[in-house]
Amino acid sequence: MQQVELRLLVQLRTISRYIILGGTFISIPLAVFFPGQLEWQIVMALLALSIGIPHGAVDHLVSVPKMQLWRMAGFIAGYLAVTGLGIWFLLQNNLLGFQLIVLVSAIHFGLGDASFGSEIASRRNAELRNRALYAVAMGFTPVFIPLLVQGSTEALAAVNPVLIPWAGGLETSLLVGVIALNLVAMLVMALRRSWPEVIDLGLLLALSLIAPPLVAFALYFGGWHALRHTGRLALEFESSRQQSAAGNSSGAFWKAFNAGLPALALVLVFTVVLGVMTGFDLGTAALWLLLVVIWALTIPHMALTARLDFRALVSKP
């Protein structure tokens, strides 16, 4: 069964790399022929973000699979309450909420990638070294750099103009610092001959520097983070484990992915309802509202996945 799980994780790692590589190359001619046009970026961002939504909806089934019905109902109510508070805070405190989410997301994404690498290494009786450095670089690269490169001001204005001064005048220092962090991590991993990690760091750095900001983050979220996290959930989700036991690695992935599809419909419907109730023009604010809902969901999602992250990071081959 471990070999089936390993095959799934390696396949997802390869697919996510091709998505990022393809997105990076496609972005070059699009940026040349459609300079300064944000419409196609917003459409691509909405699609990629929607694809990534289901990955966070299986957490409660994995983290607390044997709860009694009434306790599960209470747990879900608490989950939604935290999300609701997050939405309220973000809508009331756009800039501060965004700054906090940027930091939290970088930590969450970095831990997720380090845990994903550890899951693969442990199934090969190996160990992912320099996990802390790798986690920080993998988290901060795709989150911070797209918000700091040329074009980020226009992208932030398209989402919500209030977010433009999020870096407090430290844009250049932060950009240089995160790029340096990534390069140092790549050097350390290369010296350790951890070539898969070097490739991943390089791909995310290239995407973040070359692709338009909205496209870079959306491709990362939908085609990298969500894909790999779903693979990790497939290691825990009972229906997926049954598929793995039968030798069906792709079936294991789709069981986990499909379990989150109802959440996609709920999030999209809720976003529309939220826009109508709060008086937003969905034609211009759809991306902002969808991001607010996703960011708010990240808070309980991160808390639940912390257990899986910790177990993967401390595991020994």
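Cβ coordinates come from backbone N, Cα and C, glycine included.
Quantities reported herein were computed from a predicted structural model and do not represent experimental measurements.
Record features (TrEMBL):
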TRANSMEM  15-34  transmembrane segment
TRANSMEM  40-57  transmembrane segment
BINDING   His55, His108, His225, His229  Fe cation binding site
TRANSMEM  69-89  transmembrane segment
TRANSMEM  95-111  transmembrane segment
TRANSMEM  132-152  transmembrane segment
TRANSMEM  172-191  transmembrane segment
TRANSMEM  203-227  transmembrane segment
TRANSMEM  259-280  transmembrane segment
TRANSMEM  287-308  transmembrane segment
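Distribution of TrEMBL features across the structure.
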residue	record	Cβ within 10 Å
His55	Fe cation binding site	27
His108	Fe cation binding site	23
His225	Fe cation binding site	24
His229	Fe cation binding site	26
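Counting C-beta pairs under 8 angstroms (sequence separation of 6 or more), the transmembrane segment (203-227) reaches the transmembrane segment (172-191) with 3 or more such pairs. The transmembrane segment (132-152) shares more Cβ pairs under 8 Å with 95-111 than with any other stretch in the list 15-34, 40-57, 95-111, 259-280.
Listed in chain order, the extra residues whose Cβ falls within 8 Å of the Cβ center of the Fe cation site residues His55, His108, His225, His229 are Gly52, Gly56, Phe109, Gly112, Phe221, Ala226, Arg228, His301, Thr305. Packing against the transmembrane segment (40-57) from elsewhere in the chain are residues 30, 34, 155, 158, 212, 214-215, 217-219, 221-223, 225-227, 229-230, 233, 257-264, 267-268, 286-287, 290-291, 294, 297-298, 301: each is 6 or more residues past its ends and has a CB under 8 Å from a CB in it. Counting same-chain residues at least six beyond the ends of the transmembrane segment (15-34), those with a Cβ under 8 angstroms from any Cβ of the stretch are 40, 199-200, 203-204, 206-207, 210-212, 215-216, 219-220, 223-224, 227-228. For the transmembrane segment (259-280), the residues of the chain that approach it from at least six positions outside its boundaries are 50, 53-58, 61, 87, 91, 230, 237, 239, 286, 288-290, 293-294, 297, judged by C-beta separation under 8 angstroms. When Cβ-Cβ distances below 8 Å are used as the criterion, the transmembrane segment (172-191) is approached by residues 130, 133-134, 136-138, 140-141, 144-145, 148-149, 197-198, 201-202, 204-205, 209 of the same chain, each at least six residues removed from its ends. The secondary structure of His55 (Fe cation binding site), as reduced to three states from DSSP, is helical.
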